[in-house]
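Enquirer: Handing you this structure, nothing more for now.
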Amino acid sequence: MTTRHFLTLLDLTPDELNKLIHRAVELKQIRNSGEIYEPLKNQVLAMIFEKSSTRTRVSFEAGMAQFGGHALFLSSRDTQLGRGEPIEDSAKVISSMCDAVMIRTFEHETVTSFAANSKVPVINALTDDYHPCQLLADMQTFLEHRGDIKGKTVSWIGDGNNMCHSYINAARQFDFKLQIACPEGFDPDPELVATNSDRVTIFRTPEEAVQGSHLIVTDVWASMGQEEEQKEREQAFAGYQVTTELLDQADESAIFMHCLPAHRGEEVSAEMMDDPRSVVFDEAENRLHAQKALLEFLLIK
Ligand code: CP
Ligand code: NVA
């Protein structure tokens, strides 16, 4: 059997993704019922972090422990990766000792090179270009709150960044319409937009992008690695804050998501974060359940 990886949402078929999301809902119920379910006993997940993380680290580490396995935290600061050992050599070594590898890094090419040299499944836990694990949690959260997302309208407000790119892939794989609002100069990858032009539309104001929308999503204006652009971005994104008033202009059933960490008063108002339409903490918890479903899919089949 060939090794499956999860580097973008396109690595799984729409049918596989849908089953995975439904399985995540079941795994949540299993955990909430107190049932012990340890399908990954003695298995080890290596977790390589070249950027900071709270949710990703905790959810993968807790998920492996709950599954009866083990997770190994590898910071680039303390491994030979941080001292220039080639990614290809690291992939051969780490994948010879572990059962799966999760990587959070800068260039997307790092995860593709790692996967090309790995004997075991590789999971993209965020690159500069994509954050597919977050989308599994987001899709599970929408399903739990509002049912199937197929045919619905989603609005992305803010930077055309890694999360926005994964939303474009999600629009294709889960079959929804995506209305993006971003200032000029902060558009998502034009090739990705062109490939998905049947589902994706770009607007220049948040008000236009939320019309008829069932899910409003945003993210920080300066991603990890762009810290020095913070001030310039605050100016460019003025008027793009997601507020309760903005949600009032969307469909009456609209809910709000943010992958977190959030900057209250920048991309989202404090009031919006605490509004009943905000499901951001369910979304964060679902990282655990959705990634357990992913680990099960990649490791037990
Ligand atoms: N949303 C997300 O990936 O959070 P962390 O950066 O805390 O892992
Ligand atoms: N776009 C953000 C997501 C953080 C989870 C970043 O890359 O920093």
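Using N, Cα and C of the backbone, Cβ positions are placed for all residues, glycine too.
As annotated in TrEMBL:
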- Ser53, Thr54, Arg55, Thr56, Gln80, Arg104, His131, Pro132, Cys133, Gln134, Cys259, Leu260, Arg287: carbamoyl phosphate binding site (BINDING)
- Asn162, Asp219, Ser223, Met224: L-ornithine binding site (BINDING)
- 4-144: domain 'Aspartate/ornithine carbamoyltransferase carbamoyl-P binding' (DOMAIN)
- 150-297: domain 'Aspartate/ornithine carbamoyltransferase Asp/Orn-binding' (DOMAIN)
Enquirer: Using DSSP, what is the helix/strand/coil residue split across the domain 'Aspartate/ornithine carbamoyltransferase Asp/Orn-binding' (150-297)?
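Expert: Grouping H, G, I as helix and E, B as strand yields 61 helix, 26 strand, 61 coil.
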Enquirer: Do any of the binding-site residues Ser53, Met224, Cys259 touch ligand 1, in the sense that the CB is under 6 Å from one of its atoms?
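Expert: Cβ under 6 Å from ligand 1: Ser53, Cys259.
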Enquirer: Using the CB centroid of Asn162, Asp219, Ser223, Met224 as the L-ornithine site centre, which other residues of the same chain sit with their CB within 8 A?
Expert: Leu126, Asp128, His131, Asp159, Asn161, Met163, Val220, Gly225, Gln226
Enquirer: Per DSSP, what is the helix/strand/coil residue tally across the domain 'Aspartate/ornithine carbamoyltransferase carbamoyl-P binding' (4-144)?
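Expert: With helix first, then strand, then coil, the domain 'Aspartate/ornithine carbamoyltransferase carbamoyl-P binding' (4-144) has 72 helix, 21 strand, 48 coil.
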Enquirer: I'd like to verify something. Among the binding-site residues Ser53, Arg55, Gln80, Cys133, Arg287, which ones have a C-beta closer than 6 angstroms to some atom of ligand 2?
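Expert: With ligand 2 as the reference and 6 Å as the Cβ limit, the list is empty: none.
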Enquirer: Tell me, if you would, which residue among Cys133, Met224, Cys259 (binding-site residues) has the fewest other CB atoms within 10 Å in the structure shown?
Expert: Met224
Enquirer: Could you tell me the maximum Cα-Cα distance in Å between the residues recorded as binding L-ornithine, namely Asn162, Asp219, Ser223, Met224, rounded to a whole number?
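Expert: Largest pairwise Cα separation, rounded: 12 Å.
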Enquirer: 10 Å Cβ neighbour count around Ser223 (L-ornithine binding site)?
Expert: 18
